[in-house]
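J.: Annotations per Swiss-Prot:
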ACT_SITE  125  active site, charge relay system
ACT_SITE  179  active site, charge relay system
ACT_SITE  212  active site, charge relay system
């Protein structure tokens, strides 16, 4: 059940909440690793009415990661080889995490009366991959996607299993050109794949010299994107 999914939940300070952001962390991180974002959003004054946003930062389960010699760490799915888009992928684990994100979306709809089109999903690295896949698999429309340093582990099967509910949904993809973990070209190929599949509002943002992280410029661009989505 969705209420059992471990997450850092930051409730809107202005009631009732009118929108929600669900942001999924990357490998080895936790929900608390991104729980500073609501404060940044408020201080930046970029996102209007940010006090009426529910924030959810889910925690990944612990699992052995093959590419790290089997070391157990928080992960949304196993990684067999870093930086290689052609490497073997943990398809079952990946889909399980997509189901987790779907449950969190439905939690906001069912328990907090947030309209689906006012829910933005997103994430960093593994979390971005899960968010990008989930928006393609959902059978109802959400507000938008923020994918930072993202990729698609299911690029071969996605055309056969995707739904079309979110073809008009705006998607923000940001990627640093110096990323050694998720190669920049892997991110760019994912953006091109989504455009080829019929997603009409995919915007790929390039950040020169940025490694596997989110720069201040990227975060500001993401917040401007969120503001545009939520004010519609």
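Placement of Cβ uses the backbone N, Cα and C atoms for every residue, glycine included.
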J.: Compute the C-alpha separation of residue 179 (active site, charge relay system) from residue 125 (active site, charge relay system), stating it in Å without decimals.
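T.: A Cα-Cα distance of 11 Å.
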J.: State the Cα to Cα distance, in Å, between residue 212 (active site, charge relay system) and residue 125 (active site, charge relay system), rounded to an integer.
T.: 8
J.: Check the active-site residues 125, 179, 212 for other C-beta atoms within 10 angstroms of each C-beta and report the one with the most.
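T.: Top count of Cβ atoms within 10 Å goes to 125.
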